[in-house]
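Reading through the structure tokens given below for one structure.
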Amino acid sequence: MSRLIGVYGAAGCGRGVMPLLRSQYRAPELVFIDDGQAPGYVNGHDILTWTDFLERQTDQKAVSIAIAASHIRQTLAEKCAAANIPLIEVRAASVVQMDEVVIEEGACLSPFVTLSSNIRIGRCFHANLYSYVEHDCIIGDFVTFAPGAKVNGNVTIGDHAYIGSGAIIRQGLTIGAGVIVGMGAVVTRDVPPGVTVVGNPAKPLIKD
Ligand code: UDP
């Protein structure tokens, strides 16, 4: 049986995901899909348009959406669902996952990610290099962790939140939907939906 897997997005994120897929799924053909780059070749894999991907004759198709921008991930997830193409999980071999972790479709778990016990995670979660989720966290849909994001126990994170590189979230907090936590921030209080926080202790960003 032939199987074609597409990595949606042939830029930085996609080029980080492709090698993980290569070692995770042995036989299938692996291609990039990209709406903004000319069809071609990158790191040994074809770049196809979405139309070309749909037209390829194969028994099974699946997609991994490897784009950091969460609203684009949502749009593309809906496009895949409309075409009846399932989203697969990408998981580096070094990921540590403890007990009772429920994680919905389409996650990308980079090398050295740790998911501790009793965690719920929504759709298309991106956990970049060395990030972690501690016990009893609840994480929404289309959430993105940059490299080294540290989320301690009993934290709730809303849909589309972005946790910047090296940021630390204190245990027990609620981080609202669409929140952006800046790189290296130390978050010690709840953050309301849509707010950007930076610094140590993290405070709302005042734009001038
Ligand atoms: N892209 C796409 N379809 C979309 C939006 C973006 O194929 O609807 C592609 C875009 O052409 C680019 C990649 O996704 O090649 C996103 O790259 P970017 O450098 O913005 O970010 P990253 O790879 O870090 O997510």
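Any Cβ shown, glycine's included, is placed from N, Cα and C.
Some features that TrEMBL has for this protein:
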type     : residues     : note
ACT_SITE : HIS135       : active site, proton acceptor
BINDING  : ASP34, ASP35 : substrate binding site
DOMAIN   : 5-79         : domain 'PglD N-terminal'
SITE     : ASP136       : site 'Increases basicity of active site His'
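As a summary of secondary structure, the domain 'PglD N-terminal' (5-79) carries 29 helix, 22 strand, 24 coil according to DSSP. All chains included, 18 other C-beta atoms sit within 10 angstroms of the C-beta of HIS135 (active site, proton acceptor).
Secondary structure at HIS135 (active site, proton acceptor), as computed by DSSP, is coil. The recorded positions near ligand 1, defined by a Cβ under 6 Å from one of its atoms, are ASP34, ASP35, chosen from ASP34, ASP35, HIS135, ASP136.
Same-chain residues at least 6 positions away in sequence with a Cβ under 8 Å from that of ASP35 (substrate binding site) are, in sequence order, THR49, TRP50. Residue density at ASP136 (site 'Increases basicity of active site His'): 18 other Cβ atoms are found within 10 A of its Cβ, drawing on all protein chains shown.
Same-chain residues at least 6 positions away in sequence with a Cβ under 8 Å from that of ASP34 (substrate binding site) are, in sequence order, TYR8, GLY9, ALA10, ALA11, GLY14, ILE47, LEU48, THR49.
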